[in-house]
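Colleague: According to TrEMBL:
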SIGNAL    1-17  signal peptide
TRANSMEM  259-281  transmembrane segment
TRANSMEM  321-345  transmembrane segment
TRANSMEM  357-379  transmembrane segment
TRANSMEM  391-416  transmembrane segment
TRANSMEM  428-451  transmembrane segment
TRANSMEM  482-501  transmembrane segment
TRANSMEM  513-539  transmembrane segment
TRANSMEM  551-570  transmembrane segment
TRANSMEM  582-610  transmembrane segment
Ligand SMILES: *[C@@H]1O[C@H](CO)[C@@H](O)[C@H](O)[C@H]1NC(C)=O
């Protein structure tokens, strides 16, 4: 284990060194314009300490939303080209009227004057109270509002985004002045590069004399007001080089917590797997030698235990088409997440590459359609299914279709709330087209290749007449055993889930892919260990309905993941509107469904190969 930890930290270190492979730094001459782009405004968090973050909304809004009345560039805002993943994940990037020139300090420049209507003011009031954040991008770097200092190491680190306004003594103030501090570094070729962006926003009264004024701009909901937006720019030299400029954004706050919980989970998982292996090895070996001994001595003795059901154990499960389809989709998800995590482990998908993670996930999922089709057809044929055409069509449509339908439904909610999170029609259409033009045909090809091949062979023949299943012990009750089986894989990942949820719902950057990779492995490992154990107990009790049982028991961890989402909702988010509840619950269900298919398939596959293995060891007349 020590060596794997060393390997892991090497990988983490490697990932630190290469944040942006293939993307060259931009060099600027003095006085050359450095564009400032604006992204959506997002609900934020108020504390540097992730443990106490509260957010009351989950919608983000377009910066140039009609209601907000922010200053627009001449000729109207232009959308910046983004990857499909970045759009699906909610980025809406536009240009802005800010004028930044390399090395040129500016003081108190007027951006524009606007008039806020009553609607605008009350909307701003709501968003500021909900702690909404601005998200600006300069030279690919997010603008940070606060420079924190790690209390243990003293290292500085930056938050992402800065607040739209502030609340003090029940008064709400709008930030209408921005002190933009850009850190630059002179590279060896004599040109300048941007290595840090800090924005301190400020609220300034309408008739303040200078930008140093302490008077604030009080927002009132029932009032029309003129607003003047101003900004200052300060360029400061920084010793940090371009290659490491993301480090301060990706600062791991208190890394020892992560290491501690990781080692904790790993120990539990290794212990568990060891335990299962011991039980199985001992038990199965004893059974096998007993069975084979009986056979040799030709003594007429009644068989018991799992040998007894050799004529039924590979009897095709009920609903074999559905199980095959789930297995196909599951295999697709397993391979996809494995490859994605390996990529990210190498630092290829760091948050500095906007949307790259989502894009890669999408592309991989689509191209791995062939694996899905292949797996599903192989198992369908193994189960003795005959509606090959139906299977080939259902496999690429069912699970993605469910995901897409939920996504579409949630999108209506988002459109209804005027949130920018709503995926534009064009992107939606593109996704559907890619799905039907690439993924579906690939999946069908995979299926037909598998149909041409021989299915899995079983070591024992299945009898014509199914055996009666004897009375099962209470401990193998369907619900209890499933719930028990799910809790261990969930336990292995529960700590990391908190950080993943923070990055999903609170717009925090997630970057600890090294940890995530290990957690993913631990989860798969515990899932298969627990499921194999359950299958063994089932077979021992002469219950040969292990196929669906192992799938559902392994997938049960997704049930806990959903429960965890509800706990997280209650503890870390305080949502206000019905629509935000609907969106949150909808996405959580979607995540759990995907996890169910993924872990369920892992469980089934382990049980399948386990069962095949043990029955090939015994002699049956
Ligand atoms: C801009 O102003 C800051 C603060 O006054 C100063 O430290 C910095 O050197 C100035 N930068 C340039 C390029 O003049």
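Placement of Cβ uses the backbone N, Cα and C atoms for every residue, glycine included.
Annotations in TrEMBL come from automatic prediction, not curation.
The model shown is predicted, which means the values in this text are computed figures rather than measured ones.
How buried are these features, and what lies next to them?
Modeller: Long-range contacts of the transmembrane segment (259-281) within the same chain, counting only residues at least 6 positions beyond its ends with a Cβ under 8 Å from a Cβ of the stretch, are 1, 488, 491-493, 495-496, 515, 518-519, 522, 525-526, 529-530, 532-533, 536, 610.
Here the transmembrane segment (428-451) has Cβ contacts under 8 Å with residues 84, 88, 328, 362, 365-367, 369-378, 381, 388, 391-393, 395-397, 400, 404, 408, 411 of the same chain, all six or more residues outside its ends.
Listed as Cβ neighbours of the transmembrane segment (551-570) (distance under 8 Å, sequence separation of 6 or more from its ends, same chain) are residues 323, 326-327, 481-483, 485-490, 494, 497-498, 501, 505, 523, 527-528, 530-531, 534, 584, 588-589, 591-593, 595-597, 599-604, 606.
Non-local neighbours of the transmembrane segment (582-610) in the same chain are 58-59, 280, 323, 326-327, 329-331, 333-334, 337, 399, 402-403, 406-407, 409-410, 413-414, 421, 489, 504-505, 523-524, 527-532, 534-536, 546-547, 550-555, 557-559, 561-562, 565-566, 569, 573, 575; each lies 6+ residues outside the stretch with a CB under 8 Å from one of its CB atoms.
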Colleague: Contact between the transmembrane segment (391-416) and the transmembrane segment (513-539) is defined here as three or more C-beta pairs under 8 Å separated by at least 6 residues; is that satisfied?
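Modeller: Answer no, regions not in contact.
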